[in-house]
Amino acid sequence: MSHILDTINTVYPFPPKPIPLRDEEKQAYIAEIKQLLIEKDAVLIAHYYTDPEIQALAESTGGFVGDSLEMAKFGNRYPATTLIIAGVRFMGESAKILTPEKRILMPTLEAECSLDLGCPADKFTEFCDAHPDHTVVVYANTSAAVKARADWVVTSSIALEIVEHLDSEGKPIIWGPDRHLGAYIAKKTGADMLLWQGECVVHDEFSADALRKMKALYPDAAILVHPESPASVVELADAVGSTSQLIKAAKTLPQQKMIVATDKGIFFKMQQMVPEKELIEAPTAGAGATCRSCAHCPWMAMNGLQAIAQALREGGKQHEIFVDEALRVKSLIPLNRMLDFAEQLNLKVKGNA
């Protein structure tokens, strides 16, 4: 069973949309970035949810496109001394936690995540302290400070196994921050879980009613859903999983049409894997002016070519990630606990969001 905390009604201030670049401007920035990557001994590492041109640039320059944990692990083993992380801030922190000796740059440190914003370390710590008999399990989409308070850090592809393990030991669990993913895991495992009430602004907008109507238009299509979506949406899915798992499902499922309920940035990599299939954006609760994220993270959209070039060119406090060493060491403990658990299960850990 699970115990639901009171919903935290937070309206997140979205950043302004980036100003579109002309084609000649794009080509000039791409050329500059390629040169700067060489000069700075840097590699570009991008998340699946960044814009397609950023993912393409990462791949064409020998960098990497993946989920948050894959990004951090790639940066850890890649020989470059500077990592430029195109994603949101907790991803840069994760890279610094795993690879403290390298310089970690981001196009902007203002690229937030609603899951991170909705789980402030002081309030979360206060809640955890009020339930000292609970094991604290947090999603990777959290700050270094929240990770440091946790007993376990998990990604969406291994969360079920870890919660099942803890439940088998009779341990009640505090789960944070995503309420939808937490409810999905609680339903699957039957574990005793207290759920922090955060949400991803992108996945929270997907609508079951609208999805049913779309399915009626495409009756032969498979529905792929990220578990950060509401339960009513997850119930309609043919496949539920993390970003990496959804890409794999698109390839393994026999259907030639896929309705995809996650950030539309995933379409770049997914279409690479299944060029012969038709990918369809799942509908959000609103359309046009009435949707907020409109199936694309507004903070991911801040990782533009101009910002990447500026980060490489200038560096400095407005671009570089720093994590207090004591906090880094403490947050590494629950992260390593997950990695060790995955290794024991002989699982390849792939992550979140």
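Keep in mind that glycine also has a Cβ here, set from the backbone N, Cα and C atoms.
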- Message: Looking at the iminosuccinate binding annotation from Swiss-Prot, with Ser68, Tyr139, Ala140, Asn141, Ser156, His226, Pro227, Glu228, Thr243 already listed, which candidate in His47, His296, His319 is the matching residue?
- Response: His47
- Message: When you rank His47, Tyr139, His226, Glu228 by Cα distance to Cys200 ([4Fe-4S] cluster binding site), which of the binding-site residues ends up on top as the closest?
- Response: Glu228
- Alpha-carbon spacing, His226 (iminosuccinate binding site) to Cys113 ([4Fe-4S] cluster binding site), which is rounded to whole Å: 16
- Note on the structure: Long-range Cβ list for Cys297 ([4Fe-4S] cluster binding site), cut-off under 8 Å, min separation 6+ in sequence, same chain only, gives Tyr49, Val88, Cys113, Val201, Val202, Asp263, Gly265
- Message: I'd like the Cβ neighbour count for Tyr139 (iminosuccinate binding site), meaning other Cβ atoms within 10 Å of its Cβ, all protein chains included.
- Response: 31
- Note on the structure: Once DSSP output is merged into helix, strand and coil, Cys113 ([4Fe-4S] cluster binding site) belongs to coil
